[in-house]
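Here TrEMBL flags 279 as active site. Residues or ranges marked as ATP binding site by TrEMBL: 106, 210, 211, 212, 213, 284, 299. The Mn(2+) binding site feature in TrEMBL is assigned to 299. Positions annotated as domain 'FAM20 C-terminal' by TrEMBL: 174-391.
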């Protein structure tokens, strides 16, 4: 468990915030979610807390709205050029609810049927609210449990953001469009353009809400560069992109040489390949769980951009290292079977969300296609190196029973 003592539980409770007299007790579902974090994932398979937390984030009134502070804390200083891009394209807010929980709000920037243009670089792509929602469901289906609970919600940007925020800068970026819709755009240090704004219809706006993790002073996290980080420039390549033996180097480096960290990075690559996310430059993990702790799959909004394209380079950790957890492989093989087809399980799971349909049918079918690519990659590795070398055995997993509970 992340918190084990009574003192931990007391410190985990949110400080009392001003609110209506009938507000819920301070120890709401968000704190219960925090108390359930353990070395295997953000929540247990049988946890009843997640569904309650999703319900609360979907329905509880907001009592405040502000820009995010967590990125500043992770950096150790306020470097706003790293938090909000000067273009004003990136926009996310922290919403607090009447039960004193809080969530990261990402508004709708792109219609579901729109694909990312082929000429876009991954680092200038829109952040999609429905990708955050779908990523949570996929992560849960894969039994990773490394994406914070995320839900869709129709937000009244006037009543639930503008009228409850105390941030004067946030107040200043709201305006009424020529179509009489309430709009707002990101805080940016140079120039903001109204064409980058998001607008209600006239006040209601779709968005994703992702549950916050415990504060960094209570549950410290490491932010670690991904060994397969991409070049964030218009030209140039990283070593892994030109050296097919790059993994041999990674295997010699601590902690990838003496823990499950490399296998966890490969899990993350499999997840990113399925959603089409090329923007995994860092990963985070709780320091308490040590080198073998799970990697938190944060910031998935650049997934599900192109259903018509499978970016094979995302799978480089798997194809270059030729290693995979037995549990992960068994789960993927199960999801390739007709009775547990990944697209079918995802389609049914996403019906739970009030913004359903979350993904278009081509994106759902792309999951099945990409799953077959992963399995063929593993088969090629086994043919070249043998199953014992490729498949990392672990405790027996009851993957079929887990999938049955999700369907």
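Backbone N, Cα and C atoms are what each Cβ position is placed from, and that goes for glycine too.
TrEMBL does not curate its annotations; it predicts them automatically.
The Cβ of residue 212 (ATP binding site) has 20 other Cβ atoms within 10 Å, all protein chains considered.
Mean pLDDT for the domain 'FAM20 C-terminal' (174-391) in the predicted structure: 93. For the binding-site residues listed here (211, 213), the lowest count of other CB atoms within 10 A around the CB belongs to 213. Highest local Cβ density among the recorded positions 279, 299 belongs to 299, counted as other Cβ atoms within 10 Å over all protein chains shown. The maximum pairwise C-alpha distance among 106, 210, 211, 212, 213, 284, 299, the residues recorded as binding ATP, is 20 Å. There are 25 other CB atoms within 10 A of the CB of residue 210 (ATP binding site), with all protein chains counted. Fewest other C-beta atoms within 10 angstroms, among the binding-site residues 106, 284, are seen around 284.
The residue listed as 'active site' sits 21 Å from residue 213 (ATP binding site), taking the CA atoms of both as reference points.
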